Structure formats: C-alpha cells, structure tokens
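Taken from TrEMBL, the feature region 'Disordered' covers 1-29, 417-471. TrEMBL lists 1-19, 427-441 with the feature compositional bias 'Low complexity'. Marked as coiled coil by TrEMBL: 84-111. Residues or ranges marked as transmembrane segment by TrEMBL: 135-153, 159-177, 184-203, 209-229, 241-261, 281-302, 345-365, 371-392.
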Amino acid sequence: MADPASSPSSPATRRSMTPALSRSNSFGSMASTDLLDGPDLLTSAPSGMPLADLLETYVNPRLDWAERRFRPYVNDVKLKARARRENLVKRARSKQEIKALEKELTKLRGKVSDRVDKLNARWTDAKNVRLRDKLSFLVGVMNLVASSLIFAFRPEWVPLVYTLQSAFFLPIRVWTYTRLKWHYFLFDFCYAANVAALAFIWIWPASPFLFTIVYCAAHGPLAWSVITWRNSFVFHSLEKVTSTFIHIYPPFVFTTLRHFTPAHIVEAKYPAMHNLPELSSWTAFLFNLVFYAAWQWAYYIFIGIRKSKKIASGERINSYSTLSKGKGAIANLLAKVPDAAREPAFMLLQMVYTIVCTLPAPVIFYRSSFASATFLIFILTMSVWNGASYYVEVWGRRFEKELQALRRELEAAKEVSMALDSEGKPTGTTTSSNAGTGVATPVSGQGHGGEASPTSRQSSEGELVEARKDV
C-alpha cells in the first residue's frame, strides 16, 4: 500500500510542491515599484507619513504653480477695474462741479441783475426825486427864503413863524423817532430848550428868569451843536432839515427880538425884555445852571435809571449809549474812565460843555448886535458847508461804493463763466457773452423770457457810469 504522505494528491505533497513566498522579496519588489509609481495608498501598509504632509508635499506646489500662472491676469483685471472706477468718479465729479458752477453763475447773474435794477431805480429816483423828498426840499429852501424876507421886512413876525414851523417839524420828529424806537432822544436838552422858548413866547413872556435861560441856551449849546454834531442843510432830507431847524431857529428868533425888532413892539409883547439893556453874567450863569441841573436830574431819573435795562439790552438807545461807543472824541475820553463811572462822567462832560458854550451869550452876543449877527451867519454857513460835504462826499462815496460792489460781482461772474467755458457746456446749451458786463447768458432756441437782454443791460451800465462821472 502506498504511503499517503508521498502521494501527489495529499496535502503534504501539495505543500511541498508549492514554492515558498519570501517576505523580503515582497518588500523589495514594493520598494522598487514605489520608486517608479509612488506608494499604493490602498494596498500598502501604513507608513509614518501623515495626510497633512501629503497635502503639503503634493497640493501646495500645484497651487503655487496655478497662482503664478494666473497672477498676471488677476492683476490686470484689478488695474482695469480700478482705472474704470477712477474714471467714473472723475466723470461724476466733473458733472457735479459743472452743475455747481452753473448754479453759482446763475446766482451771480441774478445778483448782478438785481443790483443793476436797484441802482437804475435809485438813479431814476435821484433824477426825478420822490414826492417826499420834493416836499422836504421845497420846505427847506422856502423856509430859508421866507425867513430871510420876514427878517428883513417884518422882524416881529419871526416868533410866530418859529411857532408855526415848530408845530410842523416837532410832531414829525416825535412820530419818526417813536416809530424807530429812538424816542429817548426826544428828552435831550435841545428839545427842552425849544419847549422853554415856546413857553416864554406864548405863556410867560414877562418872566426875566425864563428869558435869560432861553436866550443863553439858544446862543449856547443849541447854536454850538451845529458845529459839534455837524448839523447840515440837506434840503431833500426831512430828518436833517428838522435837526437844523431845532438848533438854528431859536438863536435866530432871539437875535431878531434882541437886536433887530423895534423896542416898543418887543416891550409890548415881551415885558421881560423891558429895561434889560444887559444880562448879568453871574445871574445868567446861575439861572442856566439851575435849569440844566433840573433837566439833568429829571433825565437821569426817568431815562438813566428807570429805562436802564432797555438801554443796556440794546432795545432802546439814547445819547449816552450812542456817544459812548465808536471812535469819536467823547468815546475816547469815556474809555479812560472805569465802567461804573462812565455815565456820571458823561453827565459831567455835558454840564461843562453847556456852561462853556453859554458864557459868550450874556457877555458878547446880548450886548453887540454885530457880534450876534456875525455868530448867526457863521453858524448858518457851517450848516450849509456840512450840507455840501454830505452831498459831495457822503452821498457820492456811497454811490461809488455801490458801483465798486457791482464791479466786483461782475468780475466774479466773469470768472465763473470762464471756468464753465473751460470745463465745457452740456449739449443743447450755448453761451453768449454780454458785451457790457462780460456775463455769460444762456441762450435757448425756444424763447426769450426771464432775463434782461444784453442791450438793455449794457445801456443800464452805461447810464450808471455816466451817473458816476456826474457825481
């Protein structure tokens, strides 16, 4: 019987016939294959290399290569986008600037047109003179002429003429100053002196005390105020004519009564002047000091104290609040005084001014008709000179300043127009340069409404230039 182990079909025989696998050869062949194709991640045994190292080793180089390849295209796209954005912003800014310049030009053109129209209207008013100014001019000139004729032929009528004119001028002054909230000025010394003069003429003509006061006040602070406050004969201004009347007519009245009216008429109508060939200097000084002190006390109580809050707030103004400010001589003197003592210092200054101005009246003017007439002519001449200075300097300079302001506006409008021309205008709109002013004016093909024509604008400016030459 055969041995089962030696049989070819037996398991032992089959094991011996199968070739043995060498582990070293398997790893050796895997190592050689790995060098060519890389490791087989599915069948190979885990090695010591983690997944992050694999990604860093094989993915990052490819990403770097892709980034280097597409970077020029990305940079080009960024540059184009940035340039396009800047171009769009620049275009938007250009449009906004053009619109802003057009808007500014429209405003300037409107201002220039309004200024030309206003100056033209004002010049027309100055040529034709409004009704109120005509009446004021008529009253001022005829008052001067009529007063001269009455003084020459009927000097005893001068007090009556003064009363009638006071009934005309003083109510107008009260109404005007009340409307302007300047009515505290109506309590100044000059108005008190005028009221005292009217009281002597019609109520107490036999009072030597009142006559001495009104004569010295008329030839003192009232007359000298024409020089001090520059009262002027500006006949077209009712305001200035009234101020001149308040300060000039009282000395004119009492000079006429004292030196140029027949004595029997004066003594019959005004008994206080009977047997009064001269005024005592000390008596006149004492009477006027008492009158001034009474007025100053009443003024300080009713205006300086009771109305101090309104004056301090600026709601109302008076002589002190006006003269203590600014750059005048009085303001410069008061600036050297402490604030608490400024108003008393102002009252003291007023009293000294009143006394100094009053001294020549009883000593010189009451005794000499020549000195009194010379002084009156001097005061009248100064008021006329002040009026001439106002017409030539103040009025002319005011008109010249307005023309200069108009010229500056025209130059500004011209600069804006040139800037618009350099930037370019939108389609459908053209500009026509104004030959007279240099202002660019929009011209459309649809109509001609809303804007003055260049011809009328040029003619208006020509009239203004001629007006300036006349001034």
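Heads up, the Cβ atoms here are built off N, Cα and C, so glycines get one too.
No curator has checked TrEMBL annotations; they are predicted automatically.
Keep in mind that what you see is a predicted model, and the values were worked out from it rather than measured.
Each of 135-153, 184-203, 209-229, 241-261, 281-302 was scored by its Cβ pairs under 8 Å to the transmembrane segment (371-392), and the highest score goes to 241-261.
By number of Cβ pairs under 8 Å, the transmembrane segment (281-302) is matched best by 209-229 from the list 135-153, 184-203, 209-229. For the transmembrane segment (135-153), the list of distant contacts is 129, 161, 165, 233, 235-238, 241, 245, 249, 252, 256, 260: same-chain residues at least six beyond its ends, Cβ to Cβ under 8 Å.
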